[in-house]
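Pulled from TrEMBL:
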| type | residues | note |
| --- | --- | --- |
| TRANSMEM | B:34-52 | transmembrane segment |
| TRANSMEM | B:64-84 | transmembrane segment |
| TRANSMEM | B:115-134 | transmembrane segment |
| TRANSMEM | B:146-173 | transmembrane segment |
| TRANSMEM | B:185-204 | transmembrane segment |
| TRANSMEM | B:243-263 | transmembrane segment |
| TRANSMEM | B:312-335 | transmembrane segment |
| TRANSMEM | B:341-363 | transmembrane segment |
| TRANSMEM | B:391-410 | transmembrane segment |
| TRANSMEM | B:416-434 | transmembrane segment |
| TRANSMEM | B:454-472 | transmembrane segment |
| TRANSMEM | B:478-495 | transmembrane segment |
């Protein structure tokens with residue numbers, strides 16, 4: 001039996017904007033795994049996700065999505081990816097239904113498959129009543145949910161979310177978290193960046209901590225705690241302990 | 001504790017206006033802004049000297065009042081358009097207005113300050129061009145020409161008051177959502193009127209002009225051209241008639257004060273309903289129907305929907321066509337009129353095709369609202385570009401189909417030549433906008449040329465080259481190849497060279 005390829009594999013990824021933003025990053029995420037990528041502002045999280053999404057060219061290194069070399073065959077890799085940035089990328093003058101139709105068209109879905117899937121997503125995210133209203137008057141939360149529906153409509157194998165819970169009320173945040181959990185159960189790999197460490201603590205199978213473009217620690221919460229001074233510490237304590245001044249040399253700590 | 005005084009509030013509003021102007025002029029600080037404005041004023045005084053000479057000459061021949069009347073016909077709609085734009089902005093500039101309306105300031109005080117700021121902006125915008133000429137004319141022909149300044153100020157007060165009333169009337173009539181679009185479109189149309197009017201007298205047939213001149217030389221008492229009638233009050237005021245100037249100033253002040261006095265509460269209601277509209281759920285605008293998922297169609301449909309749902313942008317784009325019409329009239333006159341109509345329309349249609357394609361290409365290429373999202377889709381950049389070009393070509397073709405068809409029916413040869421050059425011109429200006437995209441919001445369409453003057457110049461150069469080439473080709477002249485060569489050269493100079501992906505900070 002052949003082993004299933006990693007949903008995402010990064011090898012020795014480098015990117016510099018004058019100053020190094022990503023510095024030799026290695027990462028592997030299994031299908032169906034929920035991976036939280038944590039780091040302070042400017043640590044290189046968004047740059048990493050943008051490189052995987054094909055929006056930035058790495059200076060060096062390899063990106064494999066579902067076994068496909070994303071640098072050699074970006075179109076095939078993009079077919080398997082959904083990327084949801086922190087600022088929802090919507091068209092103000094389109095309705096959610098039209099937006100989903102556009103996304104389904106871009107990803108080359110069949111109409112008979114896309115239509116029912118769009119309906120189901122809009123109902124699930126409580127956007128059904130607003131499906132024919134233009135996005136220009138939507139609240140931040142509704143925009144975020146519409147963008148999430150767009151990310152999920154083409155059934156990606158790798159779902160990348162940059163701060164997906166920002167601006168959502170408690171109910172909507174719960175809906176999104178439930179949907180993400182469902183996705184991982186269905187075999188979709190989810191990589192999420194967040195500053196809400198409680199979300200990572202509760203949802204993630206593994207947590208990666210990135211600082212100055214390098215992965216300084218990786219593993220489940222218990223493993224990360226073992227790297228920190230306090231064994232019963234919260235993820236916040238562990239994160240602050242590992243990313244604090246002068247503590248970036250724990251690279252070997254990745255499990 | 002007393003709330004902010006009117007002068008301080010006005011100072012705040014004028015500071016915002018000044019900062020907008022500095023941003024438009026790309027001045028990094030106030031000193032640079034003043035330096036640029038100062039240089040422009042000086043340059044206009046220099047450039048206006050010969051114009052002032054011909055004005056004073058014309059005034060001696062025809063009478064200053066008639067000259068001022070012609071000027072007022074142009075300036076009044078211009079100022080009213082400025083007032084409409086300012087009043088719409090005053091109602092919809094959310095962040096600032098929310099702060100003011102949530103403060104203990106009275107709505108009337110806010111409206112007074114906003115209205116004065118709009119009036120001062122309008123005076124500045126129009127006065128910048130008119131007052132240097134008036135100064136030059138005064139130096140050449142006497143101080144009476146300086147009456148243009150106070151007459152302009154009174155006109156500004158009158159038109160600002162009327163524009164405020166019109167805008168708030170639209171809010172009451174159409175609701176805040178539609179008022180924004182309708183107000184902006186109306187302002188642009190009224191503004192365009194002055195461009196057409198500025199040219200119209202020159203384009204009238206010679207016998208019409210002679211008849212008009214005869215009526216003005218010996219006007220019937222109490223008739224349309226009798227300067228003694230109240231209709232001529234602004235012209236007499238600008239011509240230096242002290243009594244008329246006093247009356248006109250009183251009228252302007254009266255309308256301005258009355259509009260503020262009567263509309264203070266309506267302004268607050270309008271602003272609040274406009275604010276509510278920004279947060280309200282938009283009305284349904286589409287019906288459930290089956291999904292259509294072909295990739296090419298998805299990309300094209302998205303562009304068409306975004307265009308169709310932005311009436312302000314569509315009006316801006318179509319207005320460019322309106323501005324092109326005088327070209328046809330100039331050529332028609334130059335060719336002696338009569339049967340040369342088809343030939344004279346040809347270059348105008350070519351220029352319209354070029355301008356329309358450029359504007360739509362900017363909207364499709366530079367103001368992509370979700371460019372990162374589209375870039376993350378499994379579609380090659382080449383396909384995205386191709387579909388966007390198709391999306392742009394369709395409305396341009398649709399808009400030009402009727403006049404091109406009519407032209408081909410009148411003169412098939414001219415029609416075929418025009419079609420060929422219109423296609424070439426549209427493709428070239430569209431390509432230029434795809435090659436040199438500007439990161440702009442869709443609403444910034446009219447600012448694009450100010451932001452990238454080189455692209456603007458090349459775009460106009462291409463329009464001009466292809467329009468001239470079409471004209472020469474219609475006239476069967478070998479020199480046609482010269483403007484075609486120039487256009488090709490411009491395109492070659494601006495064609496994309498191997499480029500790397502723009503870096504973006506994490």
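Even glycines carry a Cβ here, placed using N, Cα and C.
TrEMBL entries are annotated by machine, without manual review.
What you see is a predicted model, and the numbers here were worked out from it, not measured in a lab.
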Take a look at B:34-52, B:146-173, B:243-263 and tell me which one has the most Cβ pairs under 8 Å to the transmembrane segment (B:64-84).
B:146-173
Of B:115-134, B:146-173, B:391-410, B:416-434, whichever stretch has the most CB pairs under 8 A to the transmembrane segment (B:243-263)
B:146-173
For the transmembrane segment (B:115-134), distant same-chain residues with Cβ under 8 A (at least six beyond the ends)
10, 13-14, 16-17, 37, 40-41, 44-45, 48, 51-52, 55, 71, 75, 78-79, 82-83, 86-87, 90, 145-146, 148-149, 152-153, 156-157, 159-161, 163-164, 256, 259-260
Grab the same-chain neighbours of the transmembrane segment (B:454-472) for me: Cβ-Cβ under 8 Å, and only residues 6 or more beyond its ends, written as numbers and ranges.
327, 331, 343, 346-351, 354-355, 358, 417-418, 421-422, 424-425, 428-429, 432-433, 436, 438, 448, 479-480, 482-484, 486-487, 490-491, 493-494
